[in-house]
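*Asks:* Have a look at the structure that comes next, please.
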Amino acid sequence: MSDALSLTKDAKKPHRTSKSGAKANKKKEKGGKVERHNPRAFSVSKIGKTRKTQQRNLDRAQRKEVVPQVDRAEEVPPPVMVVVMGPRGSGKTTLIRSLIKLYTGHNLKESTGPITVVSGKNRRITFQECPDDLCGMVDLAKVADLVLLVVDGSFGFEMETFEFLNILQVHGFPKVMCVLTHLDRFDNVKALRATKKKLKTRFWTEVYNGAKVFGMGGEINGKYPKTEVRNIALYLSRTKFRPLRWRNTHPYVVVDRYEDITYPQKVLEDPTCDREVAVFGYVRGTHLKAGQRVHVIGAGDFGMAEVSALQDPCPLPTKEKVANRSLNKKESQLYAPLANIGSVVIDQDAMYIDIGRANYTRKENLLLEDGAAEAAGGGGGSGSEEEEEDDGDDEYEEGGGGDFDAKDSSRLLRELQDVRSAVDEKMGASELKLFGGRKGGRKGVSGEEASMAAARAAAAAAAEEEEADDGGDGSEEESSEDEDEGEESSGEEESSEESSEEGSDGSSDGGAMSVDEDEGNGVKKRKNIKMPREERVAASPGGSGGGRTRRRALFDDDDVTGRGEDGRDEEDDSDGSMSEDDDDVDENGGVSQAWKSGMATRAAERFLQRKSQNVNLQDLVYGRPGRGGQDNAAKEGEDSASEEEGGDQEQDDDFFTIRGGGNKGSKRRGHSSSGGGDAESEDDDDDEDGGGGVGGGDRSKFYPDREALDDWEGTGDDCAIEAIRNKFVTGDWGSGAGANGAGGGGAGDGDDGDGDDDDSEVYGDFEDLQTGDKFGPGAEDSDDSDDDDDGDEENGMETEREKNARLKAEAMASKDEGEEGDEDEEGGGGGGEKKKRLDANGEEIEDDDEFLREATKRREDQQTRNRKEFEDMGDAAQLRIRGFPQGRYVRIRFKALPAEFVTNFRPENPVIVGGLMAAEEGLAMVRTRAKRHRWHGKTLKSNDPLVVSAGWRRFQTQPVFATEDPNERQRYLKYTPEHMHCFCYFYGPIIPQNTGIMAFQSMGNTATGFRVALTGTALELDAKFEVVKKLKLVGYPDKIFKKTAFIKGMFNSDLECWSGSTSLRLGGSSCSVILTPCYVG
Amino acid sequence: MTKLAANGMKPASGKSSVLKKTSKRSSQPNEPGAAVLRYKGSKHFRQRVVCSVLSGRAIRIDDIRPFPTTTDYQEEVQMGIMGHEAAFLRLVDKLTNGTQVEINETGTTLRFKPGYVTGGRESHDCGTSRSLGWFIEGLLPLALFSKTPFNLTLSGITNDDVDLSVDALKAVTLPLLKHFGVAEEGGLELKVKRRGAPPGGGGLVEFRCPIVRELKPIDFTEPGLIKRIRGNAYCTKVSPQIANRVAESSRGLLNRLLPDVWVHTDHHAGRTGGESPGFALSLVAESTTGVLLVAETAADKGTLPEDLGNFGSKLILEEIKNGGCVDSSHQSLAMLLMVLCPEDVSRLRIGKLTRYSVTYLRHLRDFFGAYFRLKPDPQTSTVLVSCQGIGFKNLSRGAT
């Protein structure tokens, strides 16, 4: 014990720092750092670390900044294109069917072609099932906004899925979601979960981490469980889309309806003749212009003979209607002409209408026809109804119109069916009155026909009624029918009236009706019922083809309307061209002179009238559009074309004569109020010397009359010079601004940035160097306020400068305000208010993002300008200038598509019409940077044919691979390098730079492995590129003479045949020269 | 690649029947979206060629001066394509790659398939039938959409009374391009090395122009107030006093409106004076909003310097009276560039629409499918011109 004590006494106990308690805490707080007296002075204590964090933050900020894509979205966007892709048997159709059922309550039988539904208050969706071949995949990848990748979960991923993902990547990656199906085949939950996870992670590596993956349970009634489908629908409705570059610069139409409108006789005579085809669809991408060339994928480049806007077949509900509620069944519409909805079956060469049960036809007739129909339709049409019933869908049954009770109408229709003599026979019997109004014509019609007309009218009315009933039922016959009801709003009376009118014309309308039914030429039952309505559409001026399918009717109507319109046009023109015509007559002599009295006064009146009407310059330049405001650009083009022909007849070397005498009339009077009239007249005058002389043709410089220029010599208060005084800074600013700027801005307002710097110069004094005169601002009344001018000059200058500075500050303020919001500009407001805002803004402004904000501002301004500029112009004029905006439903008529397009048309294969920009047609050598896909099994060889997909097109070409040597030489490569990019040159259609390209060795389904052979981007276009190949000329002597020898086997192709005075080494001896290179097979 | 077949200057009247035939065939109207555009007549030759190169669409022009005529300049009989037109085609051919030009024996029919504008350093003799302004004005839009920047040395007439002179090009045309976002970093210049007056010519200019990826849409509607007038009176192979007399007389009328008028005088003698004597005046009015209006006139045989100056000042007053943000000579160029913008709306205020612009508008419709809105503003008697660009991009340029 004592030892221990002594020990403690000897060895001094070391100090134990307390590990807990107040003191320890205090120390902990300090963290062992040296306390600094002035922490602010050392705010950056760790320079390296701070630099790193700052750099990192900057980098991150930088990464966030992307060049903003211009958003070209319109108010009513086109339906979202949802492509459902998956290998065969993975459940694509089931998925689409389930979604359609969810949205519209309709049971889809097939899912061919684009199916458009209204999915929400402000979203429509077009579903398209991706066919099972590579071409379809490539085409659809170019137009998909969102892709639902259907994967058979029980089987795992298949090659198609990855191929498709790769295709998507090349053509601008749209949104992708994955749907795992057939998960009910797992009986082990653990295995299911593991598989799901595995598939998900694999999918994520392909797309991005967190990409949406849905799982689907088993089928119930051929559909997926409701909750899971609803989940997908939720995401479909929420997804936002980012503009893709190619589609942001090119218009395109995914065709959802197609009609062959070739004259049947032509096809009969030559089955391979070019077909006239009308296709329908929503415009997507940018504006589709009527004169644009388009590429029909798979068919080639074509000019559009006609583009016309149609009524939206599947419109969004109006905003007010659905403001506070969800859509009802009637509003959630369905439009899918290619998908055999309802009772229409599309066959290769015809459409069969399943009329289900016949309401009108007598039993005895029906039996006969049924047999015939079955024979013709191959059971396709009539069988479908039964199938539908088998499906257990009770809703559908109502579609046939079971509770039909319009006995009168059915009686009338039966009478119609009983008509035994054809209309043309009746025509022969009837009288025709050529002149007189329609009433007169009506009198001339025979009694029999009059009764027929009445019957037709009644029938039409009945049809209308029946339809109204259908709509009221809310059954699905249809939601797609509802869309047509929009058109119908004009009312039954109107249509019945029209039908009676048509009947009274004694034309063959009725005949057309029945004949077309016989032909079964591409009309639905619904359309059939609504025949009168349809005819009206065709008859309305310019509204060519509101669902028009009847050729016969179309011809008649076109003729009639055409004649009518021409007549009207002539009348319109007459006031302008009259004078000219009359002059001609006068020269011939021998015409009554009565009309000549007071011609001058009348002309003067008309001139004034026209002047007040604001001569339409556009008409003068582009020719008169005519067609009562309903015209479209293509039509107009045809008009001008015909004008040219007219011009040819008159003056052989005249070119592009303007129709309509308005300009000529103005020429005669030589008025110069409007630039257009003036220019026109001179154009006409100058025709001759333009053709021959040197001085006349093709010069942009414009010379006024020499005589007119003498006016400038005048003096006095009302001389010419005084008249333009206010266009100079020395003039009166207020009126000067008024005279100059219609925008009201002018320089005097001081609200535009550009002007103000210059203003300051204006205010300053200067010396006229040539005369030595001095000018002070006091000498000119240069501001609105004239008060300062009275003071002495120096003083005035002082105040001016001050004022200048103030104005400048205000201008800056208003400029900044403009960046914040446009409403300020309109407000104008007082100066004080502006100043306050400046102060508020002034603090916010940071130099860093000044540039970015400036750019944003500019873009926004531009977009407002885009929106506002043509707003007041009326639809037809807007369509002509801007083209058809996205979201419009259009009908495109092609004059000559190859017959194969029609004969091989399959609704399940997508038809895409892609617009080509200027200079994108034609062929060129294309230089691309490309890389063989690493999953593709084989290396690629130069000059082996590849199928390239670029832009809208797919084409086969022979690529040449090359690599760049350090001396910028493009060296030929026989094979693609491994794991490296190389240059790939090929001859093909023009592709803009930076467009993604990809290539396949074969598009067939038989190929094994990964079919994508090559991916890359287009770099450059040219007529020719230089790729060089190093040649080793090795040959064997064949015949040897004294100083010459024939060498064998030196060249391996024509291309290599090369002669030049390069020294060839000949087994150690000195140089020799190739004299005649030649390659023999 | 190129087949510049024949520059038919032969008076071959016997062929006219053949020509008739071709004209019948070519009277087919241009359908919307047709691949080859067909035209007739000699007018607007340059417009058509330029639009063809830009749009990449082949053209065929028939009936180019099918009947022999005499001209003012030369007493010889003229028929078919003329010297300056052939020179323009040759120049375009030099600056492009893959252009195919075919001209028939009599020179009355031209088939033109455009290639890619490659640009680069070239020198060309433009002849003496049209001035260099005619050539450069046509080349400008091509120069912007070229593979490599233009660096041209052109020789010929620098100033005449028919086309824009090099002074006007330098003072007004090139600055106009800047509104479209061209040459923000410089590189756009026109250097006059030697002056050349008609008929002898002998002028020499250097023209450089940078390339663009795409243009910027414009909104150019405020004419502002004219704040200064600048001018250039040049004379060559005549007494230097003549330029002074021109300058002096041009100020007379203008000084009644504006004190800030300054006319440079530019006298050339010896080698830099070209082949023929001559003098000319070009006046540029500048407004507070950066608007530049040009008017110019050149001396004819026996013109007095005083008359020339006086006439020039009247011309500029006429331009100012017409108003607008571009003068009458530059309407067409501005409108072409507006069409070549991205798919955005461009607006421009012009004075009176000239006949040249009207035909240009029609050509723009044919080649690019572009329609303009022409809204007359009766209050100021100007025309508001607006259109939507076609989304044109420089396809010749290479990407990295």
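Placement of Cβ uses the backbone N, Cα and C atoms for every residue, glycine included.
Pasting the feature list from TrEMBL:
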| type | residues | note |
| --- | --- | --- |
| COMPBIAS | A:12-30 | compositional bias 'Basic residues' |
| COMPBIAS | A:57-68 | compositional bias 'Basic and acidic residues' |
| COMPBIAS | A:384-400 | compositional bias 'Acidic residues' |
| COMPBIAS | A:447-462 | compositional bias 'Low complexity' |
| COMPBIAS | A:463-504 | compositional bias 'Acidic residues' |
| COMPBIAS | A:505-514 | compositional bias 'Low complexity' |
| COMPBIAS | A:567-587 | compositional bias 'Acidic residues' |
| COMPBIAS | A:639-655 | compositional bias 'Acidic residues' |
| COMPBIAS | A:679-690 | compositional bias 'Acidic residues' |
| COMPBIAS | A:698-709 | compositional bias 'Basic and acidic residues' |
| COMPBIAS | A:733-748 | compositional bias 'Gly residues' |
| COMPBIAS | A:749-770 | compositional bias 'Acidic residues' |
| COMPBIAS | A:780-797 | compositional bias 'Acidic residues' |
| COMPBIAS | A:798-816 | compositional bias 'Basic and acidic residues' |
| COMPBIAS | A:817-827 | compositional bias 'Acidic residues' |
| COMPBIAS | A:841-851 | compositional bias 'Acidic residues' |
| COMPBIAS | A:852-871 | compositional bias 'Basic and acidic residues' |
| DOMAIN | A:77-242 | domain 'Bms1-type G' |
| REGION | A:1-68 | region 'Disordered' |
| REGION | A:373-410 | region 'Disordered' |
| REGION | A:435-714 | region 'Disordered' |
| REGION | A:730-871 | region 'Disordered' |
*Asks:* Under 8 Å for C-beta pairs, could you tell me which stretch among A:12-30, A:698-709, A:852-871 has the largest tally with the compositional bias 'Basic and acidic residues' (A:57-68)?
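*Replies:* Per the Cβ count, the answer is A:852-871.
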*Asks:* Just give the helix, strand and coil counts over the compositional bias 'Basic residues' (A:12-30), going by DSSP.
*Replies:* 9 helix, 0 strand, 10 coil
*Asks:* Taking all residues of the domain 'Bms1-type G' (A:77-242) together, what is their mean pLDDT?
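*Replies:* Reported value for the domain 'Bms1-type G' (A:77-242) is a mean pLDDT of 92.
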*Asks:* How do the residues of the compositional bias 'Basic and acidic residues' (A:698-709) split into helix, strand and coil according to DSSP?
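*Replies:* Split by secondary structure, the compositional bias 'Basic and acidic residues' (A:698-709) comes out as 4 helix, 0 strand, 8 coil.
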*Asks:* Could you give me the DSSP helix, strand and coil counts for the compositional bias 'Basic and acidic residues' (A:852-871)?
*Replies:* 19 helix, 0 strand, 1 coil
*Asks:* With DSSP as the yardstick, break the compositional bias 'Basic and acidic residues' (A:57-68) down into helix, strand and coil residue counts.
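*Replies:* Going through the compositional bias 'Basic and acidic residues' (A:57-68) residue by residue, I get 8 helix, 0 strand, 4 coil.
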